[in-house]
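Written below as structure tokens is the structure these notes are about.
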Amino acid sequence: MLSSSNLKSIISSHFFLSFILLFITFLTYFNILPNQLFFDDEELIYKNTYVSNIKYLPKFFTENMVAGAGKISNMYRPVLMVTFAADHFLWNNSPTGYHLTSIFLHAINALLIYFLIYILFRNRFLAFTTSVFFVVHPVQSEAIIYASGRTDPLYTVFALLTMIVFLYLCLSKTNLYLKWIGVIIFFVLSLLSKESAIVIPLILILLYFVLKDKKTFSLFKLIIIISPLILISGIYIYLRLTVLNFANTLNFYPVNNIYSQNIFVRLLTFHRVLLEYLALISFPKDLTVARDIPYITSLNNFSVIISIAILIGTFWFSIRNWRKNRIYLFCLLWFLIAILPVSGIVPINNIMSEHYLYLPSLSFFLLIANFFCFLFQKFTNKYSRIIVFASVILILSALSLRTIIRTFDWRDPIIFYTKSLNQSPWHIPMRNNLAMAYAETGKIDLAIYEYKKIIDITDIYPNTHHNLANAYKTLGKYKEAEDEYYKALKIDPNFYFSYFGLADLYQKTGEKEKFERIVKKIK
């Protein structure tokens, strides 16, 4: 049994390895400290008045994430917003402070994973190697480098604490009620950090069946422990569909399309995404926020067939080896459960994102670590083990280097958007963001070039013409600016920003009649 004294012994005996994990984490990510805040950071941090004043703290729990920026979103993550407010209180708008918090959360997760794996499988090498792969793998970088991506490390901290306290509850005989309360509290904090935490009860059930030393902890006790979490999940879903339904909780798409309206298409498309994730973890070369994933509408698709074949084969292999090694089935089910919230069951805004893998990818790192453990057990002579150890170091070093290189891609907006467009040149939002970044830094000619390129690709967005008009106006090209404002209004007559733009333009040019005509339309 795992008593309090035994737990203290585990912590003290693994102190050195814990220190190494912390050191590796900060060594891998210290380069992000000079990086700027941009992208969604503006709405969530810079332009969010709720973050800048502690008096707005209660609003985090009653309003959407970007309400403080005067916008509406279906995102509700109050604990995440509290951390941004805490950062603002400590660091004001200094990016370094926000990045330090993200690195700290990643380091805490590394330690928690180490203890979780050790408690489950009682193998120090397995736990440590899994944690190091988790720390340095480039697929995790998006969640750490990008300040607003902190939501994944944050909910994972509380999710892992929920799991560890749950395991401690399963393995001990004392203070059970206190530990039960701990499980509930950490689960609620995780759920209020990101909605993906709703699958934690399923992961706890998985942990129960994988854990070997639980002779005194019955299935009935498991049901008692899990029941409040299921109840809380039900209440959470009800609130998100009613009083906390700010936009459309069950559909992130403002305009209906075949993906948002058809769950069959979403699940088929997810099979393609699974293969992309597998490729990313195996060979993390092409890292980008801008991904174009085609919708899949038929079972008769190569990606779907291969994905289903891999899943069936992996499941069959895992079941066959359950008694010999529980890790295989554990890893498969862990991944499928953890990835479930972003699998397309609910039509979320991004079909695929690297940061979605933050917690699910643990299963892959555990499998890799287990493979090297197998090699250590198989090769007993000194030189063979040196080769295995050197291979581990070489792979980890290569992954670390790729992660460090990736940190430079996020140095500032122009570098980031340019890098993203190198991989996805047809990604309109990224090109628009690049144009706006050029405009904000005074590179108006480059901004105009990018806006025109967007129009050449697809001329359906009023904001592109509006932004182009603003750029022309900055250069004093008022006739060109006027034409672009009207082109924006031709696409969308209700795009009121262009009316204000025209009013400002006519004030500058002294065209009183045109100014008064536009003001009447605004009224």
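Each Cβ is built from the backbone N, Cα and C atoms, and glycine gets one as well.
Record features (TrEMBL):
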type	residues	note
REPEAT	462-495	repeat 'TPR'
TRANSMEM	12-32	transmembrane segment
TRANSMEM	98-118	transmembrane segment
TRANSMEM	153-171	transmembrane segment
TRANSMEM	183-211	transmembrane segment
TRANSMEM	217-239	transmembrane segment
TRANSMEM	295-317	transmembrane segment
TRANSMEM	329-349	transmembrane segment
TRANSMEM	355-376	transmembrane segment
TRANSMEM	383-405	transmembrane segment
Leading stretch by Cβ pairs under 8 Å, where the reference is the transmembrane segment (355-376) and the options are 12-32, 98-118, 153-171, 183-211: 153-171
For the transmembrane segment (217-239), distant same-chain residues with Cβ under 8 A (at least six beyond the ends): 166, 169-171, 180, 183-184, 187-188, 191, 195, 198, 200-201, 204-205, 208
Secondary structure content of the repeat 'TPR' (462-495), with strand meaning DSSP E or B: 27 helix, 0 strand, 7 coil
When counting Cβ pairs under 8 Å to the transmembrane segment (12-32), the leader among 183-211, 295-317, 383-405: 383-405
